[in-house]
Structures are given as C-alpha cells and as structure tokens.
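Look at TrEMBL and you will find 11, 12, 13, 14, 15 tagged as ATP binding site. Among the features that TrEMBL reports, substrate binding site is placed at 57, 62.
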Ligand SMILES: Nc1nc2c(c(=O)[nH]1)N(C=O)[C@@H](CNc1ccc(C(=O)N[C@@H](CCC(=O)O)C(=O)O)cc1)CN2
Ligand SMILES: Nc1ncnc2c1ncn2[C@@H]1O[C@H](COP(=O)(O)OP(=O)(O)OP(=O)(O)O)[C@@H](O)[C@H]1O
C-alpha cells in the first residue's frame, strides 16, 4: 500500500507542476503554441491518412486544438468530441454544427448526437488530452480516470496520441496497473512515437 500511496502522491505532484507551468504561459505563448500544434496535428493526421479522429475542446490552459478543429472541418475529416457522463465515464458526440453547451468541469461540449458505446473505437486515430506523458508512453491525466476507463473499455483500440505542451513530456511518469501506454504524443514542436 505504501507503494500505491507513493505513486498517487507522485502523480499529484506532477499534475501540480504541469498546472502551474501551463498557467504561467502568456497569451502570446499560448497563441504561438496553438498555431504550431495545429501544424503538427495536421501532419500526423495526413501521414496516417486518418479520415476520422477524436479530439477535445480545450480548457484555457490546455494545448489549443481550435486551429486543428478548423483545419479538420475544412478537410472533411470527422472529429468526435467527448462529453463527461456520470461515474467519470466518457461519452462521444458527433457535433451537429449548431453550437456548444456548458458541460461538466467547466468544459465546453458540442451539441450533437451521443454515439453508442464503443463507437469511439472505430475512429482512425485518437487525439486525447493529458497532463504529462513519458518517453515509454505512460500517460498521466487529471486524476479522474475518464480516459483510462474509456480506453480500457474498447475492444479495438485505435492508435492513441496524447496532446501536450513540450514541457509535459517527462523522463518518467509513475504508472499503476490500470494505466496503459499511448502510441505517441503531439506537442507544438514534435510528433513522438513510443516503442
Ligand atoms: N478539454 C478537455 N475535455 C475533457 C477532458 C480533458 O482533460 N480536457 N477530460 C479528461 O478526462 C474529460 C473531463 N475531465 C476533466 C479533466 C480535467 C479537468 C481539469 O480541470 N484539468 C486541469 C486544467 C487543465 C490544464 O491545466 O491544462 C486541472 O485539473 O486544473 C477537468 C475535467 C472529458 N473532457
Ligand atoms: N478502467 C478503470 N476502471 C475503473 N476505475 C479506473 C479505471 N482506470 C482508472 N480508474 C480509477 O480512476 C482514478 C484515476 O486514475 P489515474 O490517476 O490513473 O487517472 P488519470 O490517468 O490521471 O486520469 P484520466 O484517465 O482521466 O486521464 C483512480 O482512482 C483509478 O483507480
């Protein structure tokens, strides 16, 4: 149990550092990072020939995916976005283009059809939020388990890329049994593939 408590404490410490670092970014740094991120995400999607992906509507301090969402819309690439359901479970929405609503945790969610469970496993590529990732592919979220549960529940798991700032790629992120590695990560400067 000691070991488990240590891991939980270490995860909390890392999340705190990431939060502080993200909040210290100036508006100009955020804008520039968002613009660069759009190019990296577009590169990844094009290189994989993905026609459908998952993504997220960003909180103010998260890597800004809005430019990428516009790019994808212009290319006719289908983008599914998450909604926070009860029990820290994720649902997936196909946006209908009529706007957004306020979801849980202060996160904006699109209006649109809530897809049947498992449908997210059919996308070509998942782009998911994270607080940090390490070079072996272990991913740290915000401690609510939404994405761990979602990825665990999939019979077929598409390639999964964590979207983070450059400073959120760490040498090592502590892992528990329910954590499974991601395929890669995308930052404003690079697309990384993990063993
Ligand atoms: N944009 C976005 N949508 C998402 C998630 C997410 O991480 N980001 N989720 C993923 O599970 C689910 C909701 N869970 C949440 C995850 C994190 C926080 C949150 O407040 N995170 C940070 C702030 C972000 C930052 O500093 O960059 C925090 O804890 O302070 C809230 C809800 C579904 N939708
Ligand atoms: N597949 C699962 N089924 C049930 N509970 C889970 C599952 N995966 C994780 N959890 C629980 O969710 C909580 C958060 O786990 P963890 O700290 O690994 O989250 P995270 O990776 O930061 O979050 P997220 O998955 O939202 O990105 C823990 O209490 C964990 O036990």
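Placed from the backbone N, Cα and C atoms, the Cβ positions cover glycine too.
Using the Cβ center of 11, 12, 13, 14, 15 for ATP, the list of other same-chain residues with Cβ within 8 Å runs, in sequence order, 9, 10, 16, 17, 131, 140, 143. Contacts of residue 62 (substrate binding site) defined by a Cβ separation under 8 A and a same-chain sequence distance of 6+ are given as 22, 56, 129, in order along the sequence. Taking the Cβ of residue 14 (ATP binding site) as reference, residues of its chain lying under 8 Å away and at least six apart in sequence are, in sequence order, 131, 132, 140, 170, 173, 174. Taking 12, 13, 62 as the candidate binding-site residues, the subset whose CB lies under 6 angstroms from any atom of ligand 1 consists of 62. The highest number of surrounding Cβ atoms within 10 Å, among the binding-site residues 11, 12, 13, 15, is found at 11. Sequence-distant neighbours of residue 57 (substrate binding site): residues of the same chain at least 6 apart with a C-beta under 8 Å from its C-beta are 65, 66, 69, 81, 100, 107, 108, 109, 110. According to DSSP, residue 62 (substrate binding site) is assigned to coil rather than to any helix or strand.
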